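Engineer: Got a structure here, written out as structure tokens. Questions coming.
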Amino acid sequence: MAPTVERKQIDITPLKKANVPIIFIVGGPGSGKGTQCERIVKKYGLSHLSSGDLLRDEVKSGSARGGQLTKIMEAGELVPLEVVLDLVKEAMLKEVAKGSKGFLIDGYPREVKQGDQFEAEIMPARLALYFEVAEETLVKRCLKRAETSGRVDDNAETIKKRLKTFMQSTTPVVDHYAKKGKLVKINAEGGVDEIFGVVQQHLDKIFK
Ligand SMILES: Nc1ncnc2c1ncn2[C@H]1C[C@H](O)[C@@H](COP(=O)(O)OP(=O)(O)O)O1
Ligand SMILES: [Mg+2]
């Protein structure tokens, strides 16, 4: 059986004090989340945190927690929601210490429960930006990215699995934020500039 991962006591007072806007970035694999976040960071100077990157970095760091995570992933089990949340909190605290103006939380939440837990333990998100793209386009973009990314999960077989997981778990997430009136759904089939144009219309209202 995979080991459990200990949770840390994390004091998030500085994060609450900073009280900067938090934006969840939601969309299927290959929907262009990373690409748009890069553009947003350039224009608005927000802090971009990708939960996938934080997990990969923790594993690479060689910490005890990273070792426990490796074992869980090797056992094919899901990393506990709380551990991802701890990594996100720690990364947010570091950014706040540097004077962050706001956060893009990329690829998160993956499940309704994860988003609720984030909002309960940290603070409510201002918006959830959802990049909506047809399944066919997602596959095409992931396969194209596979040519250069070196990511082990960018291959036809894994992409199909990730898409299925996305459809099952993220569709309820999208509905959840729509009900709360926080969802901004963006048609992300077009070109990068065109999509960023729409993104700016929404972010300009929050970040002058
Ligand atoms: N609007 C767009 N049109 C065409 N290709 C795009 C695109 N936005 C991103 N891409 C490309 C860049 C990558 O090779 C691939 C996946 O983009 P990404 O930003 O890494 O997606 P994500 O982070 O949502 O998985 O698609
Ligand atoms: Mg990405």
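Glycine is no exception: its Cβ is also placed from the backbone N, Cα and C atoms.
Per TrEMBL, ATP binding site is recorded for GLY30, SER31, GLY32, LYS33, GLY34, THR35, ARG145, GLY190. Among the features that TrEMBL reports, AMP binding site is placed at SER51, ARG56, GLU77, LEU78, VAL79, GLY107, TYR108, PRO109, ARG110, GLN114, ARG151, ARG162. The region 'NMPbind' annotation in TrEMBL covers 50-79. Annotated region 'LID' per TrEMBL: 144-154, in sequence order.
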Engineer: Under 8 Å between C-beta atoms and at least six residues away from its ends: which parts of the chain pack against the region 'LID' (144-154)?
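Structural biologist: The answer is 29-30, 162.
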Engineer: On the 0 to 100 pLDDT scale, where does the region 'NMPbind' (50-79) sit on average?
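Structural biologist: Mean pLDDT, the region 'NMPbind' (50-79): 88.
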Engineer: From the Cα of GLY34 (ATP binding site) across to the Cα of VAL79 (AMP binding site), what is the distance in angstrom?
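Structural biologist: Just about 22 Å between their Cα atoms.
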Engineer: Identify which of the following binding-site residues, namely GLY30, LYS33, SER51, place a Cβ less than 6 Å away from any atom of ligand 1, and list them by sequence position.
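Structural biologist: Once distances to ligand 1 are taken from each Cβ, GLY30, LYS33 fall under 6 Å.
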Engineer: Expressed to the nearest Å, what is the distance separating ARG145 (ATP binding site) and ARG151 (AMP binding site) at their Cα atoms?
Structural biologist: 9
Engineer: Which of the three DSSP states, helix, strand or coil, fits GLY190 (ATP binding site)?
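Structural biologist: In the DSSP reduction, GLY190 (ATP binding site) maps to coil.
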